[in-house]
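Taken verbatim from TrEMBL:
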- 21-44: transmembrane segment (TRANSMEM)
- Asn95: N-linked glycosylation site (CARBOHYD)
- 97-156: domain 'Potassium channel' (DOMAIN)
- 135-157: transmembrane segment (TRANSMEM)
- 178-203: transmembrane segment (TRANSMEM)
- 194-268: domain 'Potassium channel' (DOMAIN)
- 215-232: transmembrane segment (TRANSMEM)
- 244-264: transmembrane segment (TRANSMEM)
Amino acid sequence: MLQSLTSNSCVRLIESHKSTWYFLFLVLGYILYLIFGAVVFSSVELPYEDLLRQELRTIKKQFLQENQCLSEERLEEFLEKALEASNYGVSILNNASANWNWDFTSSLFFASTVLSTTGYGHTAPLSDGGKAFCIVYSVIGIPFTLLFLTAVVQRIMIFSTRRPVMYVSTRWGLSKPLVAVVHATLLAILAASCFFLIPAAIFSSLEENWNFLESIYFCFISLSTIGLGDYVPGESFNQRFRQLYKVGITVYLLLGLVVMLVVLETFCELQQLKTLRKMFYLKKEKPQDRLAILEHDHLSFTSVSHQANSTSLKEDKTKDVPFVSVPVLASPGGDDPMIN
């Protein structure tokens with residue numbers, strides 16, 4: 001008997017806090033996914049890093065043996081300066097000396113990556129004034145960019161998602177959730193073709209050292225605003241039409257970001273995903289429930305006040321009634337036998 005009561009209480013506890021348990025499982029799953037990614041990246045990339053370190057040590061040792069007049073300390077100092085400049089996008093190599101990082105088109109490209117929070121990191125402000133302006137520019141520009149993208153995506157969603165889904169569902173009498181799923185799938189395929197596959201083919205043909213996989217990798221890293229900066233277009237030696245190329249890449253990034261947001265918003269409006277998201281949310285008190293509670297409280301208060309008023313009226317009436325009741329005598333000649 002006690003065991004059955006305990007099991008029933010546990011079931012009721014779980015049912016009453018279902019969203020909390022779902023949320024805890026979500027947090028646990030996210031942590032496990034992070035650990036899984038760390039294990040895979042470490043097992044795949046660590047051997048390549050070790051191989052590169054050994055290769056660099058071998059080249060450095062060979063260089064010092066061939067140039068015994070140069071000390072290791074001077075070489076370390078030179079390499080430190082060169083690597084520090086490379087972190088700011090300035091290279092001492094002859095094949096990179098013709099490319100300027102802060103001409104107008106490159107600055108326009110940098111501004112777009114800052115405001116879209118992509119941030120490749122291949123170029124960074126060198127002066128203190130540039131760093132201070134970058135802070136102020138980003139503080140104002142990033143919320144402005146979010147407002148701009150939200151307004152653009154909201155207008156595009158009306159013509160690209162909501163009206164077509166409603167038209168097909170009404171015209172052909174199909175289920176609206178089914179039409180929304182098919183539409184979202186077709187929209188995702190179209191976006192992947194126009195902003196991943198076709199641009200990747202273009203980048204692989206324009207960039208000498210990029211293959212098709214590296215081009216798709218750049219498109220995904222850029223449009224997802226990850227922006228690792230290991231692949232940046234337009235930085236190769238003697239790039240043809242570099243100014244126009246940089247402007248075209250800037251336009252591509254902005255348009256691609258808008259399209260990715262439209263696709264994500266389309267998927268977020270699917271009824272299946274809404275149901276899935278509600279599993280992890282805290283339940284909100286509905287306006288009808290609040291109205292019912294207010295009406296119940298009002299009725300309770302009204303009944304209490306009516307009871308209080310009736311009680312007070314009764315008390316007032318009893319105050320006017322004398323404590324000793326005086327009998328009323330019948331008139332003479334009546335039928336009362338006592339008087340007769």
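Cβ from N, Cα, C; glycine included.
Annotations in TrEMBL come from automatic prediction, not curation.
Note on the domain 'Potassium channel' (97-156): DSSP counts are 41 helix, 0 strand, 19 coil. Break the domain 'Potassium channel' (194-268) down by DSSP state and the numbers are 52 helix, 0 strand, 23 coil.
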